[in-house]
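Student: Input: one structure, supplied below.
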Amino acid sequence: LGTSLTLMSNHWLMAWMGLEINTLAIIPMMTYPNNMRNTESAIKYFLMQATASMIIMFAIIYNAWMTNQWTLFQVSNEWATTFMTLALAMKLGLAPFHFWVPEVTQGIPLTSGMILLTWQKIAPTSILYQISPSLNMNILVLLAVSSTLLGGWGGLNQTHLRKILAYSSIAHMGWMTVIALINPSLMILNLLIYIAATMAMFLCLNLTSTTKINALSNMWNKSAPMTITIMIILLSLGGLPPLTGFMPKWLILQELIIYNNIATAMLLALSSLLNLFFYMRIIYTSTLTMFPSNNMSKFQWFHTSPKSTSLIPSMTIISAMLLPLSPL
């Protein structure tokens, strides 16, 4: 309801209200099952989102005071735009406001983590999309490049899969932000493909109850097709052709070069290699190493899991086979 309210609203207060409902609604989901780690993560998330919401409210009121406009598209004041951009960066987890993302994702269950890194990005991105004509290019490029670099560097020394996916999220948000002013529709395309791939990854991890890299070496034991699925999804997240994840990166780099942002395009392309490195490490662990035991009683291939879902095949297909549709 909160997300749809933000998506449909034309008035700043309604959009802000949608963001607030969105934040408050996920807190009970994050604290279930109730334990210390979940509660700590929920409090961290709440404090960051509440701070960002207050900055958004300040920017809205300042803009209304200067321009007498409450319409979502009318953000003509430079200071209001700057505050709004920084507050949305806090909500989305862009660097240098990214510290809460890995901590919160690591402390909550996989299902809540999936919602946090996918659905919760929709409302702030929609506001960024709608105010994109009045954004400051220098701030956007700074946020985007630092996010892709820190998203890559941060994930290099992680062993927890949730933290790796959180850093991956920071890097993807950087790719989305850099194109927000030049071609906002590409930002939406990138978000949708990112959501499909991340959802597929979280569903696979949830199905096999895996949260650490070293547990992946036993993945072939739990489900042989799942190892191939995870490999395809990770390569798509990294942006390798001929998978779907290559499409938004290709189009974004093309747009940046058309607008003579060649240095930015080079930095983004090189920083994505960092992400690819830790994706390849997960792939190596899950598909190219075997559990140090050949005990046949361990095989579980033919056991149907009660948590199995039909979403995994559809999300995998979306995150792997849509590249031929890129001319559309």
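Glycine residues also receive a Cβ, built from the backbone N, Cα and C atoms like all the rest.
Annotation comment: TrEMBL describes 9-273 as domain 'NADH:quinone oxidoreductase/Mrp antiporter transmembrane'. Under the heading transmembrane segment, TrEMBL lists 12-33, 45-67, 79-101, 137-157, 164-182, 188-207, 257-280. Taken from TrEMBL, the feature domain 'NADH dehydrogenase subunit 2 C-terminal' applies to 276-328.
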Student: Run the contact check on the transmembrane segment (137-157) against the transmembrane segment (257-280): 3 or more C-beta pairs under 8 Å, excluding pairs closer than 6 in sequence.
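Tutor: Stretch pair touches.
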Student: Do any residues of this chain, six or more beyond the ends of the transmembrane segment (45-67), have a C-beta under 8 angstroms from a C-beta of it, and if so which?
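Tutor: For the transmembrane segment (45-67), the far contacts come to 12-13, 16, 19-20, 23, 26-27, 30, 74-77, 79-81, 83-84, 86-88, 90-91, 97, 100, 104, 116.
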Student: Determine which residues of the chain contact the transmembrane segment (79-101) at the Cβ level, with the cut-off under 8 Å and only residues 6 or more beyond its ends counted.
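Tutor: Cβ under 8 Å, 6 or more out: 19, 44-45, 48-49, 51-53, 55-56, 58-60, 62-63, 66, 121, 124-125, 127-128, 131, 134-136, 139-140, 143-144, 146-147, 149-151, 154, 166-167, 169-170, 173-174, 177.
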Student: Across the domain 'NADH dehydrogenase subunit 2 C-terminal' (276-328), what does the mean pLDDT come to, as a whole number?
Tutor: 74
